[in-house]
Structures are given as structure tokens and as C-alpha cells.
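Pulled from TrEMBL, these are the features on record:
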type	residues	note
TRANSMEM	12-38	transmembrane segment
TRANSMEM	50-71	transmembrane segment
TRANSMEM	92-111	transmembrane segment
TRANSMEM	123-143	transmembrane segment
TRANSMEM	164-181	transmembrane segment
TRANSMEM	250-270	transmembrane segment
TRANSMEM	309-331	transmembrane segment
TRANSMEM	343-365	transmembrane segment
TRANSMEM	377-397	transmembrane segment
TRANSMEM	403-427	transmembrane segment
TRANSMEM	439-461	transmembrane segment
TRANSMEM	467-487	transmembrane segment
Amino acid sequence: MDSRIKNGIRNIFAGFINKIVLIFLPFVTRTVIVYVLGSEYLGLGSLFSSILMVLNLSELGIGSALVYSMYKPVAEKDMLKIKALLAVYKKIYAYIGVAILAIGLCFLPFIHTIIKGDVPASMNLYILYIMYLSNASISYFIFAHKKALLIAYQRSDVISNVNTVLNICVYTVQIMVLLLLKDYYIYVAVFIFSTITENIIIGKKAQIHFPYIEADGRISAEDKKVIIQHTKGIALQKVCSTSRNSLDSIVISMFLGLNMIAIYSNYYYIMISIHNILYQIPDSIRATVGNSVASESVDKNFRDFNCMYLLNMFICGWATCFLYCMFQPFMELWMGPNMMFSQVSVVLVCLYFTLLSLADVVALYKDAAGLWWYGRYRVLIEAIANLILNFVLGYFWGVNGILLATIITIILIGHGYGGWIVFHYYFKGKSFMTFVMKQVGYLVMIAVACYVTDFVCSFSLEILWIRLLSVGIITLFLSPILLLIMYRFFPEFKDSVDFAKNILKSFKR
């Protein structure tokens, strides 16, 4: 089996297990927090996480830009350059950790001003915020650069496996703390301990796999210039995508309070958890696609792009139907009728999910081709427009307005221009408008599948758990059949089926 395919499959498998663990255990933890401490505690944790998510540059994709610079020397086995790059990364991560801590402390005096209504009486907001800030900052000081080495060598499965085992232990301890001690401070302190432990273990694992590679040496001025440019470009890009949910949560807190953040975060948690599971497919073959972009022709990569895009939209459409039909009965059973959105809000959340999934394969090739810098102005405009629309539409329509603001900016500024960048700078000569019309077709077909599936599900029994089970079974089987019937009219359908079969054959071997 080709080593790139083998590593990609291994990474996908490990990533899926990791994401399942990171859905199930936090789900249990969120349930315990709401029923033991109250929804305000859940809202408070979501708010602080949102504020710090913007500052946490690991979420901003700095690592992706740094790993991109390692693809070529790894392929060429240029050990001197790999060591020199690793030394640069080590220094950059240290600077990032200090920057997060310093900037985060600047927000400290304003914490009370962004929360509408009362906060839990037993909580000192300043102490709690500093604990969250410490967790975000400290991860950059202990073997952080070693993760880039594992990813560049297509061994992200090592990171996923360590994270999976550690999170099982951490969430188990946190659940016990909540049930036995009912102490939110200790609950957060466990996060800090786990962050330090994870970095140490991953660092040691990297040393075991690559004992001959240490951070050492200097890179040329030209290489440094390229790294800085790529880092700036992808940082700006990820600031926008990361700040979407963060800005939404902050504005919800200012207008509607902690309880509404808790409701919003529950829906967002389910939505983004499903997205993150599906995203493991493109993300786990990131290094493989990067290698292909560096070594194969544009035409070959364009054929692969079209196949992956249709497969991605089939899976995305299936998941969208599942979310649309299952959201309300599941939320009613999980959190009760007082912690539910309106049906209009559910439609907006599902559209939000679909738009995020639309961009996954495009972003994969944009990252692999190193095109972050070309979209630097787009992402700033999108982030600013999202913030302005959040306040304007949120003021008039509440949480629906805030969701609509994010959807509008993704459609008009984010996704369209991002796709144009890939076609203009990499897939040169290929029709971008044809690609746009295909996207419209995908969206229409997904909407039709959602409507038909939901109509069939409406005949389910009214007993809640029976309705949830029957809706799940109907959606699981009906929606993919509807999508297959409609998607077969796309010209790349046959190639996509063959592409999927080849992947499955490689997995069996």
C-alpha cells in the first residue's frame, strides 16, 4: 500500500475515535453541569472559552502554516532544514504563549460588562477567567513544537491517540468532581493539569519516533520571509473562522444573558461535533493532499478535488438531514422543553452547518497550495462584517439575527471568495462559475432531501423516545437514498464512486 494512503487511513481512523470520545464525554459533562450546578455555569464556561478561542492561536491555524513549510524538506529528507524549522517553531510558540497571556489579561477589567443579568453567586469571575487564560497560554511552553513534526510526517494518529486516552481520564475525573464535590473551580483546574500532561506525553512520543530530529540550527532569510508570510495569511484566515462562534457567544451574552448562551452552546455543540467528526476525513489527508499538490499535475488534483467535493457533499447532506429531523426531539429529551430553540433557529443552525461543510474540501486545497496570504483581506472584512451584523441583526431579532448575520457573511464574503482564490491561483483555467452553480445545486438537493425526510418523519408516534428512535431510523436510511438519486446526475458521480471504492480497497489491504 502507498505510504501516503496508509498514513491517511491511519490518521482518519485515529481521528474518528478521538472525535467520538470528544463528543460523548463532554456531552455527559455538559449534562451533569446543567443538572447539578445550573445552566448559568454552562453559559459561563462557553463565554470564557469563546473569548479565549480568539486568542488561542493553535485554533487560528498557525500550526498549519508552520507544517506547510515542512512538507518539502520532509519529502526531500533534508534533515538540516527540518531541524532548523523546528527551532524556529519552538521560538514562535513561546512568543505566542506570552502574547496570549498578555492580551488575555487586558480583557480582565471588562469581564463583567459583557454579561447581561446575574452570574452564579459562588463564582469569582476574575479568578475563573484567569484559570481559563492560563490553560490557553501554558500549552505553548511545553514541547508544543513537537506536534508540528508528527503532523508533517503524517503521524497525527499519535497525537489523536494520546488525546483520546487522556481525555477519557480527564472527563471521568471532572464528572466525579461535579457529582461529589460540586466545585467548578476544581473542574477547571483539571483542564490545566491535562493540558500540561498531554504536551509532555506528545513531546516524548515525538522523541521516540524521531530521536534524530531536535530543534537546532538557523534558516535562511528567504525561508524566514516565506514562513512569516504564510503564518500571517493563515492566522488572518483562521481568526475569521474561529471568531464566528466566539463573536456570536459574546453578543448573545451582552443581549440575552448566560441562559441563552447555554441554549445556543448546546445546539452549536451538537452541530460542530458532527462537523468535526466529518472534518476528520479531509483533515486527516491534509499532508497527503499537500504532497500531491507538490508532486502531481494540476489536472490530476482537479479531478481528485471534484471527486472529494461530491463525496463530501453527500456525507454533509446526509448529516444535515439528520440534524434537521433529530434536533428538536433530541434536545427535548436531553435538556427539556425550556432549553430549546424555535424551529426557525433550527433551520438557521442547519444552514450554518451546511455552509461550513461546503468549504471543507476547498479549504483543504487552499491550505495544501499555501494560498492563505491571498485571502488576508477577505477574512478581515468577513470578521468585521460579522461583528457589525451581529449587533444590528441581534438587536432586532435576537439569537436568530445573530445566526443570520454569520450565515450572510459566510455566503457573501467568506466561502465564495475563498473558492475563487483556489480557482484563480491554483486551478487556473477551470471555471469558477461552474463550481458555484454546482454548489447551488447541492444546496437545493439537500433542502429537498431535508423536506421529504422531515415530512415522512412527521408521521412518527408522539411518545418522545419512540419518536426520536423512529426519526433516527427513517433519516438514517431515507436521506442517503434521496441524495444518491439526485447526485447521480452530476457528471463526476461515477468518478466519485470509483474514488471511494479505491479508498475502501486500500483500507482493506
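Note: Cβ is positioned from N, Cα and C throughout, glycine not excepted.
Automated prediction, rather than curation, is the source of TrEMBL annotations.
Among the recorded stretches 92-111, 164-181, 377-397, 467-487, the one sharing the largest number of Cβ pairs closer than 8 Å with the transmembrane segment (250-270) is 377-397. Note on the transmembrane segment (403-427): residues 240-241, 244, 248, 293, 298, 301-302, 305, 345, 348-349, 351-352, 355-356, 358-359, 362-363, 365-366, 369, 371, 374-375, 378-379, 381-382, 385-386, 389-390, 392-394, 397, 435-436 of its chain, located 6 or more positions outside it, place their CB under 8 angstroms from a CB of the stretch. With a threshold of 8 Å between CB atoms, the same-chain residues lying at least 6 positions outside the transmembrane segment (467-487) that come near it are 310, 313-314, 317-318, 321-322, 325-326, 329-330, 333, 445-446, 448-450, 452-453, 456-457, 460-461, 493.
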